[in-house]
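A.B. asks: Input: one structure, supplied below.
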Amino acid sequence: MINKKKYYYISIVKLFRCNIFDIVIVYIFNIIRFDVLFLEVKNKKGRDGVDESKKLFVNKIQMFLNSQREKIDNAIVNLMKYRLYRDRKYEMQIKNFFHTIRGKSGILRLNHLSRLAGEYEDYLECINSKFISDEVFSNLLKGLACIYEEIEKLKQMYVFNLENKQNKIKSENINITNKGNILIVDNDVELIYLLENIFRNEGYNVITSYSLENVMCILKREKIDLVILDIIISEKSGFELLKQIKEEKINVPVIFLTSKNTISYKVKALKEGADDYIIKPFQIEELIVRVESILKKINIYRTKIIKDNLTGVYNKEYFNERLKEIKNSFKDGKTVFSIAFIDFDYFKEINDKYGHLAGDYALKVFVEELKKCLRSTDEIYRFGGDEFLVLFNDTLGTQAYEALERARNKIIDKVIKYKDNSINISFSAGISTFEGEHETIEEVLEKADKALYISKKLGRGKTTYI
């Protein structure tokens, strides 16, 4: 008796040279007879202490293989529609099928299946899409049958042994500090799910999108540190998104993660501004290292342009950039914040009496002491000369006032030793708070500036809250 699991696809393959309408009839006949396949799950208890990421990896393979039955059916239907109607959208759907199998199976280290799908994806690239001959139709149908057969072998022989294969996906870093925000754009739901888990385990915050339509909104709304996207996303191209990112001057690195293993695609991607080009299938460890390398370079460069060279705190230019983020966040109704303008008292007198090097040294010591008195979430900016701004996130004005008073009382007791000289330092501050929609951030800045003016008029060494 013929195995029902294989009967449907064997019948299709035997009809390579038959009339298309015969194939449709056989397809409908056999689809009715074809019972749904489920992968047998063995109730096998794992060893104590088995890496959770390995269990996740095996589970992803099982989910991937089980989900292909319906997708192969859809691919065959699309192939027949393409033969009948010559509509290019069906060709694109067939390409996407091979493309997805190629990339996802490669990531899951199902290398033979990945190569097999890759051969037929490349084959589709070479044919004349305006006309599909009997030979081309037969070859593509054979490709679908071969993929089905390979998946069946994997389901029966291979998937349950994957726990013994080396898999270095890290799971011990789930709770570490956020290392950055990564946006992943792909229409392969399973691939996105896998990458999301990988990068979350590495300590990244991950945002996902299954289409290009809402990506620009995400980039404008969120602080994205890196974008990973495919070249083929539905019927649109990842190149279109890259071009739009560059045109709108959104400064974010982009990595193409794709099955397109041709030099022309790679050259085009790099010419148009992509930061890296990674080919599916890829090693997970390699992808992680490449992402970390790009972000490290970006962070080194970014640190140089957003930090004050003398004191190491943020500069005024970066505050203007942060101001845009702050405005967007508080449009969404998020919590309050306070702003303090600070003047280093008698800075000109120190420069005149002890020299500019002494003045620079005094500023550095002042900033170091101020940092010790503030939280890690409080941001210090140098606006120039002896002028500073402190952004107190999620903080009321009274709380900011208390924090600066504690800092001021400690700093006035600090005596700076510079060569043979002893230098006393102090500061004046003005504070204002943003609490809602009834005032703008610019108005809050003006109020803080007025409060600073009052502190200086009162004789300096004071903190004023308006």
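Cβ coordinates are placed from backbone N, Cα and C, and glycine is handled just like the others.
Checked TrEMBL, it gives:
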| type | residues | note |
| --- | --- | --- |
| DOMAIN | 53-158 | domain 'HPt' |
| DOMAIN | 181-295 | domain 'Response regulatory' |
| DOMAIN | 335-466 | domain 'GGDEF' |
| MOD_RES | His99 | phosphohistidine |
| MOD_RES | Asp230 | 4-aspartylphosphate |
| TRANSMEM | 7-29 | transmembrane segment |
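What does the local environment look like for each feature on the list?
C.D. replies: Taking the domain 'HPt' (53-158) as a whole, pLDDT averages 81 in the prediction.
Long-range Cβ contacts of His99 (phosphohistidine) within its own chain (separation 6+, distance under 8 Å): Ala117, Glu121, Ile232, Ser259.
Other Cβ atoms within 10 Å of the Cβ of Asp230 (4-aspartylphosphate), summed over all protein chains shown, number 22. The secondary structure of Asp230 (4-aspartylphosphate), as reduced to three states from DSSP, is coil rather than helix or strand.
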